[in-house]
Amino acid sequence: MKKTLLAATVLLAATAFAEKYDLPPSDINVIGQVQQISAKQGETFYDIGREYGIGYDAMEHANQGVDGLYLREGEQVLLPTRFILPDAPREGIVINLPEMRLYYYPPNSNVVHVFAIGIGREGWGTPKGILSIKEKRANPTWTPPASIRAEHAANGDPLPAVVPAGPDNPLGLFAMRLSNPSYLLHGTNKPEGVGMRVSHGCIRLYPEGIEELFGMVGVGTQVNIVNQPMKVGWFGDSMYLEFHAPLGEDARTLEQNIAEARETVHKSVASRGLRVENDLIDAVVREESGMPVEVAYYQ
């Protein structure tokens, strides 16, 4: 095997995080670098994730075996800030549900902005498909649907017919309604849920994330929501594989996921004569770290 999984994924240096990345040429789709930082006393995965714009589940998957609630001072923590761009046109907003990230490609620009998101929990899934932003509203009120009001009432937490704007509003300070009017991109009064499946189908961002995105996108911006737990991508002459835990309602066996990953990688490199590391492919799928790993290369 050419490299261990760790060596294939980790840049052992702390660098400044940026939510904005230079967009590579169309034949390259791996961006960013994984980073490693030292935790401060009392920090949690939530604290670090919010500082660097990373969702909670992404922090957990990248740091398996680390207790994210009780980090020791100086404990080494990985920041999963290297990504394979989703297999979708580089325009407007692209949301990949399994990785719980939003990619925004500004028009006439050579950059991509990456945001952590929370999505709909199982039974209240966020829909796939090509939508658009139909309305933008700062300081929104929230009119909860009857189904959500009934759920809250059953749990002893009744909701008013209209939740006023303000710090206690679940939509946060900014909201953007999609062309499917039941769904919004919005902030939150519970930012600890960003990077998790906790909503009733809407897409939530950190307060600072939604404020930035709200200021950049306009009504009519395309929103392409995809479901890609496995992504493959090129960086130079090497192929990388990134695997996220599939959505619960889409779950298949480990053996099925490994077989699909092997088939995808081998087909992608068949005409190039690259060496494929099947053991690395298996490890990437098994670990579900969500970080790109080099799995095929020229010898």
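Keep in mind that glycine also has a Cβ here, set from the backbone N, Cα and C atoms.
Here's what TrEMBL has on this protein:
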type: SIGNAL; residues: 1-18; note: signal peptide
type: DOMAIN; residues: 91-226; note: domain 'L,D-TPase catalytic'
type: ACT_SITE; residues: His186; note: active site, proton donor/acceptor
type: ACT_SITE; residues: Cys202; note: active site, nucleophile
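Around Cys202 (active site, nucleophile), the C-beta neighbours below 8 angstroms that are at least 6 residues distant in the chain are Gly120, Thr126, Tyr183, Leu184, Leu185, His186. Within 10 Å of the C-beta of the residue listed as 'active site, proton donor/acceptor' we count 24 further C-beta atoms, all protein chains included. Per DSSP, the domain 'L,D-TPase catalytic' (91-226) is made up of 22 helix, 51 strand, 63 coil.
The average pLDDT computed for the domain 'L,D-TPase catalytic' (91-226) is 93.
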